[in-house]
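Listed in Swiss-Prot:
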- Cys18, Cys21, His33, Cys37: Zn(2+) 1 binding site (BINDING)
- Cys121, Cys124, His136, Cys140: Zn(2+) 2 binding site (BINDING)
- 190-219: region 'Disordered' (REGION)
- 14-43: zinc finger (ZN_FING)
- 117-146: zinc finger (ZN_FING)
Amino acid sequence: MAGAQPFLADGNQELFPCEVCGRRFAADVLERHGPICRKLFNKKRKPFNSLKQRLRGTDIPTVGKAPQSKPQPVRKSNWRQHHEDFINAIQSAKQCTLAIKEGRPLPPPPPPTVNPDYIQCPYCKRRFNETAASRHINFCKDQESRRVFDPAQTAARLASRAQGRAQMSPKKELTVTSAVGALLQNRALEASAAPTRPAVDPASGAKLRQGFAKSSKKD
């Protein structure tokens, strides 16, 4: 502000030019204006869109620029491998048909082909495309971690299960009520006090002697 040339206004007030925008202000006003003007001029402004300004207030919609799509990498065509697989499949089918007609055992099938674009799962050794492999490998990893067999852990688990079942359902001892016990005791006394009936010949109805009855039973 020291090198700026003052300018006399109509009211005999000295006006000093701004170093940034060139406008003239009084000394006290220039002190407030200077930092604000530098801040505004140093701030990066977005480029003015004249088309958007013209279309404002009209019914014409503004269409933004479509994002440029990245070119996808072109995969190599393995047509030769597909052609050889097709020929092998036809030859195998012809050999199977000929073996069926002649009554011979069927020849072994052709070996499976491996697609180089597929990703192999390190756990189950199966192959998937990129999208399916990203989902399957995580799932197969969790399943494989659950299948880890630990004999000590398995034995402890089985023992705890057996102990829990024994505590939940204890064996009940058979108890005989007083009424049932009295009935059994009366029947035993009746059987011991009842007289033995003599053996009777089924043909004549006559009583048989004890020794004769035993001998007839043996015969």
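Glycine residues also receive a Cβ, built from the backbone N, Cα and C atoms like all the rest.
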I'd like to confirm something. Which of the binding-site residues, Cys18, Cys21, His33, Cys37, has a Cα closest to the Cα of Cys124 (Zn(2+) 2 binding site)?
Cys37
To which of the binding-site residues Cys18, Cys37, Cys124, Cys140 does the lowest count of other Cβ atoms within 10 Å belong?
Cys124
Of Cys21, Cys121, which of the binding-site residues has the most Cβ neighbours inside 10 Å?
Cys121
Cβ-centroid neighbours of Zn(2+) 2 site Cys121, Cys124, His136, Cys140, 8 Å, sequence order:
Pro122, Tyr123, Lys125, Arg126, Phe128, Ala133, Ile137, Phe139, Lys141
Enumerate the residues of the same chain, Cys18, Cys21, His33, Cys37 excluded, that satisfy the criterion Cβ within 8 A of the mean position of the Cβ atoms of the recorded Zn(2+) 1 site; list them in sequence order.
Glu19, Val20, Gly22, Arg23, Phe25, Leu30, Gly34, Ile36, Arg38
Going along the chain, which residues six or more apart from His33 (Zn(2+) 1 binding site) have their CB under 8 A from its CB?
Cys18, Phe25
How many other Cβ atoms are found within 10 Å of the Cβ atom of His136 (Zn(2+) 2 binding site), counting all protein chains shown?
18
Using C-alpha positions only, work out which of the binding-site residues Cys121, His136, Cys140 is nearest to Cys37 (Zn(2+) 1 binding site).
His136
Sort Cys37 (Zn(2+) 1 binding site) into helix, strand or coil using the DSSP assignment.
helix
